[in-house]
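Everything below concerns the one structure shown next.
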Amino acid sequence: MNQPIRQLALIGPTASGKTALAIKAAQALDAHILSIDSLSIYKEIDIVSAKPTKEEQKGIKHFGIDFIAPNEDFDVTTFIRLYEDVHVRAVADNKNLVIVGGTSFYLKMLMEGISKLPKISETTKRRTTEALRDLQKSHEWLSTLDPDYMQKISSSDPYRIEKALDIYFETGTCPTEYFKAFPPKPTIQSELPIYQIETDRELLRKRISLRTQMMLEDGLIDEICMLEEKYTRAPNCMKAIGIKETLAYLDGIYEREMLKEKITVNTARLAKRQTTFNHSQFDNVIKGSVSELEKILLQGA
């Protein structure tokens with residue numbers, strides 16, 4: 001009979017050193033790695049995502065990297081299914097599992113769970129598509145039906161408005177009542193140790209600036225040109241930091257040096273949001289610098 005595997009999560013802002021630390025931890029713990037990164041999940045988005053190279057991945061099986069094409073949709077439900085598949089694989093391989101990345105919302109959903117959504121009929125899909133033609137009007141209408149639920153949703157958030165419309169059109173029940181009837185179930189039900197990298201803000205800004213420079217030297221602009229030509233600007237991933245600024249540069253909006261500055265500034269802002277989210281959403285987290293966490297992780301191996 002397969003024994004329960006050991007799992008841990010490693011979180012921290014972008015450019016904080018998660019990738020290298022996760023690989024060291026996986027080597028010490030005899031573990032697979034599951035990436036929770038909203039860009040590394042895509043094939044062909046290599047430079048701008050700063051995903052681990054093939055060389056870095058040698059010897060450690062990585063999941064959640066190069067998983068889908070840039071024009072394919074990916075959401076938290078898909079990620080949970082991915083985690084479940086990876087967990088089964090890790091158990092079968094008699095490996096532990098290190099979960100690592102900057103998109104900590106996915107980790108939160110693994111721990112808290114999401115409610116199962118109803119199967120959406122073609123009729124409902126058509127009604128929802130029609131309603132989404134006027135996002136503001138749909139938001140206002142849903143707010144009259146379910147003010148408590150909709151006050152947490154921006155009028156410019158098409159994904160969550162679409163979900164609310166689907167639920168109401170399909171079930172005739174407002175989202176609040178639906179989620180009461182179908183509460184979320186955590187996917188990870190056992191205790192999950194979470195290790196959070198803490199980095200000085202100025203040091204992190206320097207790391208981000210250096211990484212941006214390396215991306216440009218490694219061919220960032222050529223990569224974005226290829227992605228635009230192959231997939232257009234329509235996919236959601238084409239709005240990611242590093243991609244949207246490069247597209248603006250290609251449009252002649254600013255010069256190359258300004259491109260580096262724009263990416264650096266926007267990435268630093270993202271890092272601040274990630275840090276704020278991590279501090280507010282997870283309890284009993286083991287915090288420390290990369291070297292401090294490395295010592296803790298390797299001693300506990």
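The backbone N, Cα and C atoms fix where each Cβ goes, and this holds for glycine too.
Between the listed ranges 37-40, 197-200, 205-208, 277-280, Swiss-Prot ties the annotation region 'Interaction with substrate tRNA' to 37-40.
When each of the binding-site residues Gly12, Pro13, Gly17 is scored by how many other Cβ atoms sit within 10 Å of its Cβ, Gly17 comes out lowest. DSSP places the residues of the region 'Interaction with substrate tRNA' (37-40) in helix, strand and coil in these numbers: 0 helix, 0 strand, 4 coil. The Cβ of Ala15 (ATP binding site) has 24 neighbouring Cβ atoms from other residues within 10 Å, across all protein chains displayed. Neighbour density for Thr19 (ATP binding site): within 10 A of its CB lie 23 other CB atoms from the protein chains shown. Sequence-ordered, the extra residues of this chain that approach the ATP site, with Cβ no more than 8 Å from the Cβ center of Gly12, Pro13, Thr14, Ala15, Ser16, Gly17, Lys18, Thr19, are Gly102, Ile197, Thr199, Ala271.
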